[in-house]
């Protein structure tokens, strides 16, 4: 057999397979088909031009040949004689990469695969030329290649200083070099194995600025052991040989200010596991507004201020509970139906007509208006609740979060890069979304604007009104004009813009107006129920007619003129809009507390996880979390204050002309402040939503893996900051305990919110008889 084709037979293939199996147990499946096909050609001094995707195993073609020579020379008794007599004592692999990050990561990957055989030495070209007069001995390339490479490497060194390089020039130079110079394995000494790889995976100007902290620390220990700046993981100065961390200034000077090298494969996997499920879950939030811009705005408000989203959820539940407790004790026709109707109208700008005093009492008392209540209730009786899509989405998100937690506790956490790129803190940051979506699915808000407005129109088409003529029964309200007792009409003014939007997150803006309507309806019902309990008919000129058990109040007892029904309900509204009772403030307090509890419980868990992960303190990640939660609370406060000012912005009429003018001035100021706070809140919420999305992407992409962020400079300052690079066993254990606490806090906050919400949700009120 010719030595030119030593490995191109069955014995060569089996020997190669045995070497890989023995020396690289991390590869249980052995070589891939294309690797097994071309590695023998390489070992027989052939030339290969290989172009494959990232992660397809190109590194095998310089790891395995060197490993084969080392393994056969170390254990010649295990292999056939034709192989033992053709191995070299010091095989060398030359790997040329276009980026500093790749050059740093290749020795690490080789060491993991080659184990004890891997002896890698990394040095810059200028140092190699000073030590060896060219490339490290004994590898010798043709002089023309060395001269051309020297110029290229000097260009690379200059580019690393100012992070600027003409990549077209560099690639062109390399192409010209390879085209003009015939480099063949036969030109090299027989004792050497040289392989040249050009691995281009990212744009050169960006990649050249990348950093590898582990390799940087190794270089500092090997070549700059006398430098100051070595630290332990508590920031105490130590010798460079014992350092597991470095000062921030030394990190920037020797490792570079850029981030770790970007890997699309790692980023895409992390994004699909840690962020994409949460983005998909946003689609399960209730929207329903007719205007697409309003729906988009409600999405931005929810993401930009989870506090506001949680507040709207909780205030909706508390309103329904308060409404049910007030109406359940009333024994009068349509009282129970009114609970369902008024609760469903929390997402609509409902108003009571206070100009025509007989309309609301007519709606409460007249038997002809029983159909109005039934029609409205029937058309509002639709569900925005659980579906296969919603359940699957929630299950997917929850499982992704659980798997993220498991991955965080099982992954290799020996370096700071691996620690910072775990998705646990990102999952905790977005965990607030799960109870919000879950709660809205339970509540099933009636927020479809088209259906709500059509339901009210159909009901108002059959609304009746009492007349002044005792000889004429009630007539359709439509025959007397366009006024109705209750309608969904609000002024077309910037002050009422959010009230008109039926997305549930805008319930904050309808709290006071909705509560005022409820109290007016309840007041009329309560008086009517008391009079009926004393057997008082609406028309006092007739006697009470006893009814059957199935119908306790006969229709005749409920009929009368406009003035009679108004007197029967004691409904004499003044010109000023009705103010809510003090009970509204207790609901606001409870809803606010639970909203802040959920926001800071979930975001605080992610903040704690990042803050207590070495280097401890405020860094880029933890600061972005803190800003997010703080701005979320600011947005909620602005919208709450805006709703209060809006409620008190109507001046009404005052008999004292001077005092009335003063009150109108105060009302105008309150209205303008309300509009300003609302617009400011939307602006901050939009910025916050975009900011936390970008920050989450930065975290999982490795953008924050740079000296400044990893050193927690924001907390420690430039002179005292230090970057932890290598984590020891006890620190990993302590850090994982912190992560357990953060996970418990995040999940506990979400679970507590859902528990409290379910305790407050009333069972469905009984069907109206």
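Each Cβ is built from the backbone N, Cα and C atoms, and glycine gets one as well.
Of the listed segments 536-561, 562-587, 588-613, TrEMBL assigns transmembrane segment to 588-613.
Between the transmembrane segment (426-443) and the stretches 299-318, 588-613, 738-761, Cβ pairs under 8 Å are most numerous for 738-761. The average pLDDT computed for the domain 'DEAD/DEAH-box helicase' (33-112) is 73.
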